[in-house]
Amino acid sequence: MVLALIFLFTVMGPRNAVPASVSGSPVCLANTRTWSFFCLGSRIREMPTTIPGNTTYIMISENGALEQIGACAFANLSRLAEITITKSKHLAFIHRDAFWNLPRLKYLTISNTGLKVLPDFSKINSAAQNILLDLQENIHIEVVPCNAFLGLGTESIRELALNNHFPDSRFLMGNQMLSHIHGDAFDGAEGPVVLDISRTALSTLPESMLKKIKSLTAISVYSLRRLPSLHLFTELVQANLTYPSHCCAFSNFRKNRLVKHSLCDKPQAHVDEPQYFREYCKVQTEVTCHPKPDAFNPCEDIMGHTYLRVLIWIICILAIVGNSVVLLVLLTSHYKLNVPRFLMCHLAFADLCMGVYLLVIASVDIDTRSHYYNYGIDWQMSVGCQAAGFFTVFASELSVFTLTAITLERWHTITYAMQLERKLRLRHAAVIMAGGWAFAWLAALLPATGVASSYDKVSICLPMDVETPLSQGYVVLVLLLNVVAFLAVCACYLRIYTTVHNPQVIAPLTSMSDARVAKRMAVLIFTDFLCMAPISFFAISAALKWPLITVSHAKVLLVLFYPINSCANPFLYAFFTKSFKRDFFVLASHFGCFKAQAQMYRTETSSVQNGNWTPSPKTSDGTIYSLVHLTQHH
């Protein structure tokens, strides 16, 4: 390409192409017909000292040997309108006095160079209007300093580009190391009107440069996670951003135009010039923004409704307080740690983790209320969201596993009540729960490490990413295992109910006891069903890419159904049992409370030890062995 251009200038004749010598080497050409000046090719090591004074266009391109541009390289060129410096990857330095007194300069392109510092434009002193400045693909520039564009005149900078996606436009994009634009970078120059910062590392935008912007392009700027105040975008009509959630900021945003152009008063102005009328004459203008929010991140807070915001606080407090009390009572009890109590400790811990997850989600919701669009990316990409997601999956799977283990232990104990050699020992339960912890830990760790699914897909930090087959298989497998666990619980309770009516196993219960046993089992199964059925059904359909509900509706399931077991388990498996009441009152008596009740339970325990009471396998109060008085049958 370089040889072709040189050949073109050569065949145009000696009167039109004048070589400019540098140390005796004719490497730059001045075209006297078009008043253009070209320096092309890898032989150029420095700029010529003399450029014709009537030059209007300068192009420096494909100069692999050019490392610097010295002082006054472009000085006192009164007719110069455009400078293009491109494809010079070894160009690392431009002298601060290189651009000097260029009153008509309107187009300045410095792209695809090795510059590490933005050149000094303060001495250009251009009087041109709507200056276009293109600084794309300078990948080593990290900072735009104070007063960087001071010399570009008091008229507006029409387009400022810091990228490279649109070669037919002049756009600061593609500068992948550019991380900061000084707040006073645009002092002395109005604008820009069009700003493209795509594929840069910017994390903030200076407020001083936003008031004149009509078009903002920030594609693949993943570090720009928060937008400035919307009221600073007084002229913005179009935005192409990186994150869909940022477009939520503009969905209900309307700008009031304080001053209208005089042409807006012409009759039929909206018909004759519809685009002009839409941009300059409307009292209120809307912002066209892309990309649009997707189904996983709708334009709403984490808790989209007020009633959900209230309920999640109630449920998380119940779960945390209830399970903390259970753990405190069981771990401080003076009685021997048996299998049921051991399993209950694990269940309470799992449900406590669920309460912590709900507390984290509720707290972030309050903190980001009405402005989640500006904090959503930070939250979903944060360690906090990863930890919250880990907590909820770990808690959910450990709770389901422990509930299944408790139910199986009840069934085994009642079925083999008279065979003491088959009694489940504490060491057996410890091995079983070690397996449960390993499974829950693995299930929670896979999305956190990105192996299968991820926690950053949605604001509630659940593993809803099913884009890859591995992620889809992971979600479906976990949900199916939960369904299998629920069916196992139902089967065990049905077997327990039939066993307690078998006179060959144990003396039949009275009709009142039968009703009480059936009622308690129905409550246990019903709470499990409420917790697991809606979640599993809708989640499996979504995992198979047949979603039946939106993420907004899924949040209702999250608050109303997902944590049901975490709130109900302390009551169904602890608070309503006689052994827990005994431990609770004994613990409270040490602090001067419930002394009478504690003494009553101590008396009952003493009677048992003296042989007046006998254990009976009864499930109605939620324990494996309840202490019931022996009744003689005649």
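Glycine too: its Cβ is placed from the backbone N, Cα and C atoms.
Taken from TrEMBL, the feature domain 'G-protein coupled receptors family 1 profile' covers 322-573. Here TrEMBL flags 1-17 as signal peptide. Look at TrEMBL and you will find 310-331, 343-366, 386-408, 429-453, 473-494, 521-544, 556-576 tagged as transmembrane segment.
Contact counts against the transmembrane segment (310-331), taken as Cβ pairs under 8 Å, peak for 556-576 among the stretches 386-408, 429-453, 521-544, 556-576. Using the rule of three or more Cβ pairs under 8 Å, pairs at least 6 apart in sequence, the transmembrane segment (556-576) is in contact with the transmembrane segment (386-408). Remote same-chain partners of the transmembrane segment (343-366), defined as residues 6 or more beyond its termini with a Cβ less than 8 Å from a stretch Cβ, comprise 301-303, 309, 312-313, 315-320, 322-324, 326-327, 330-331, 379, 384, 387-388, 391-392, 394-396, 398-399, 402-403, 405-406, 409, 429, 433, 436, 440, 460-461, 563, 565-567, 569-570, 573-574. Looking at 386-408, 429-453, 521-544, the range that has the most CB pairs within less than 8 A of the transmembrane segment (473-494) turns out to be 521-544.
Across the domain 'G-protein coupled receptors family 1 profile' (322-573), the model assigns an average pLDDT of 83.
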